[in-house]
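**Q** I'd like to ask some things about the structure below.
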Amino acid sequence: MAAKPASRRLAATAQAQPTLNTGVVTAAHGRHYIVELADGTSRQCFTRGKKSDVAVGDGVEIQFQGEAEGVIQAIQPRRNLLYRSDEQRSKLFAANLDQLLLVIAGEPPFSSELLGRALVAAHSVDITPIILLNKADLPESTARAKNQLQALTGAEPPLTLEVSAQDADDLRTRLGPLLAGRRSLLLGQSGMGKSTLLNALVPDAGAATQTHSVALDAGRHTTTHTRLYHLPDNGGELIDSPGFQNFGLAHLSAEQVVQGFPAFTAHIANCRFYNCTHRHEPGCGVLAALAEGTVPEAQHKLYERILLENEAAQRY
Ligand SMILES: Nc1nc2c(ncn2[C@@H]2O[C@H](COP(=O)(O)OP(=O)(O)O)[C@@H](O)[C@H]2O)c(=O)[nH]1
Ligand SMILES: [Mg+2]
Ligand SMILES: [Zn+2]
């Protein structure tokens with residue numbers, strides 16, 4: 001007869017001293033998250049207060065709340081974080097990435113401005129970009145896209161693969177080895193084919209998307225939030241993200257902006273002044289390379305635009 005209250009007291013004590021569990025954030029929508037634990041189960045989690053700087057890919061410490069929920073108490077130190085900043089507000093793309101898959105296409109035409117900025121964002125935090133020129137089954141628009149791409153990336157482009165999301169077998173054969181054992185983020189404007197690529201590579205992604213959307217109360221068919229998927233057979237992790245229309249880089253220091261343009265690096269050694277900004281200084285190695293055509297004009301113009309924007313932002 002006395003056993004029942006005693007066991008209840010024990011249970012109460014165990015709940016009063018909750019242990020922290022670690023997991024990885026696999027979806028983010030507002031201040032609602034899905035966190036996957038080491039045993040493969042997932043919990044809906046939230047943060048207390050106004051804190052919303054948790055990104056998909058973050059390692060977090062959570063305190064369980066009941067059977068299926070949890071509170072994010074801490075974010076583990078990040079290897080890297082990819083984000084953009086538009087008018088004082090940051091949008092976190094994802095954390096702890098091994099590579100960035102930038103998806104472009106000829107139809108609708110991709111934006112060189114947005115691709116250029118995404119490349120700068122990746123290089124500035126040392127994340128390797130790979131360009132996926134999708135819809136290669138459309139030869140005319142693909143040829144146009146290749147010319148457009150070459151004007152931006154010049155003589156030393158990032159690894160670029162022409163793919164078609166419609167050919168799932170070919171995709172798995174060619175992309176599989178690049179994705180295995182790595183965490184990759186699919187990034188690009190809407191309409192480029194990110195979700196179609198994801199569905200070709202992760203056959204049950206459609207189902208996973210629905211589960212996530214329902215769990216996050218985000219509506220069934222929205223693609224408004226970032227999600228991490230596991231490729232089959234431990235083939236790596238793939239993160240799908242919503243499209244974007246701006247890619248502000250106001251959070252980058254002038255040094256980071258320079259680091260965002262690897263085509264400049266070799267020429268900076270030739271600059272006469274140690275604090276050369278590569279815009280108007282005499283004896284600038286980057287401007288000399290620009291005049292020779294070694295540094296693409298489109299890149300230098302983008303560099304100047306980003307610096308001007310960041311200088312203007314700092315004045316307010
Ligand atoms: N022809 C062709 N169409 C594609 C390909 N990949 C995607 N699409 C189409 O492009 C449109 C946008 O694709 P979606 O995956 O939603 O783009 P997202 O906004 O980047 O996720 C859809 O109508 C797709 O069917 C491709 O490789 N070839
Ligand atoms: Mg999509
Ligand atoms: Zn210079």
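Count begins at 1; order follows the chain as displayed.
Yeah, the Cβs are placed from backbone N, Cα and C, and that goes for glycine too.
TrEMBL: automatically predicted annotations, no manual curation.
Found this in TrEMBL, in case it helps:
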DOMAIN    84-247  domain 'CP-type G'
DOMAIN    95-245  domain 'EngC GTPase'
BINDING   N134, K135, A136, D137, G188, Q189, S190, G191, M192, G193, K194, S195, T196  GTP binding site
BINDING   C271, C276, H278, C284  Zn(2+) binding site
**Q** So which of the binding-site residues is most packed in, judged by how many other Cβ atoms lie within 10 Å of its Cβ, out of N134, S190, T196?
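**A** That would be N134, with the most Cβ atoms nearby.
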**Q** Which of the binding-site residues A136, C271, C276, H278, C284 have a Cβ less than 6 Å from any atom of ligand 1?
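**A** None, as no Cβ falls under 6 Å.
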**Q** List, in sequence order, the same-chain residues at least six positions removed whose CB sits under 8 Å from that of M192 (GTP binding site)?
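**A** Looking at Cβ-Cβ distances below 8 Å from M192 (GTP binding site), excluding near sequence neighbours, one finds V103, I104, A105, F110, N134, G243.
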**Q** Roughly how many Å separate the Cα of C284 (Zn(2+) binding site) from that of G188 (GTP binding site), to the nearest whole number?
**A** 34
**Q** Once near-sequence residues are set aside, which residues in the chain of H278 (Zn(2+) binding site), 6 or more away, have Cβ atoms under 8 Å from its Cβ?
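**A** Residues satisfying the criterion: V258, F264, I268, C271, C284, G285, V286, L287, H300, Y303.
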**Q** Checking the binding-site residues A136, T196, C271, C276: which ones have Cβ within under 6 Å of ligand 3?
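**A** With ligand 3 as the reference and 6 Å as the Cβ limit, the list reads C271, C276.
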**Q** Kindly point out which of the binding-site residues A136, K194, C271 have a C-beta less than 6 Å from some atom of ligand 2.
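**A** Near the molecule: K194.
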**Q** Are there any residues at least 6 positions away along the chain from A136 (GTP binding site) with a Cβ closer than 8 Å to its Cβ? List them or say none.
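**A** Expected: T142, E162, V163, S164.
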**Q** Between S190 (GTP binding site) and C276 (Zn(2+) binding site), what C-alpha distance do you get in Å?
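**A** Roughly 38 Å, rounded to the nearest whole number.
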**Q** Enter the number of other CB atoms within 10 angstroms of the CB of C284 (Zn(2+) binding site).
**A** 21
**Q** What is the set of residues, excluding C271, C276, H278, C284, whose C-beta falls within 8 angstroms of the centroid of the C-beta atoms at the Zn(2+) site?
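**A** Neighbours within 8 Å of the Cβ centroid, excluding C271, C276, H278, C284: I268, R272, F273, T277, R279, E281, G283, G285, V286, L287.
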**Q** Cα-Cα separation of C276 (Zn(2+) binding site) and K194 (GTP binding site), in Å?
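**A** C276 (Zn(2+) binding site) to K194 (GTP binding site), Cα-Cα distance: 39 Å.
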**Q** Near C276 (Zn(2+) binding site), how many other Cβ atoms are within 10 Å of its Cβ?
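**A** There are 19 of them.
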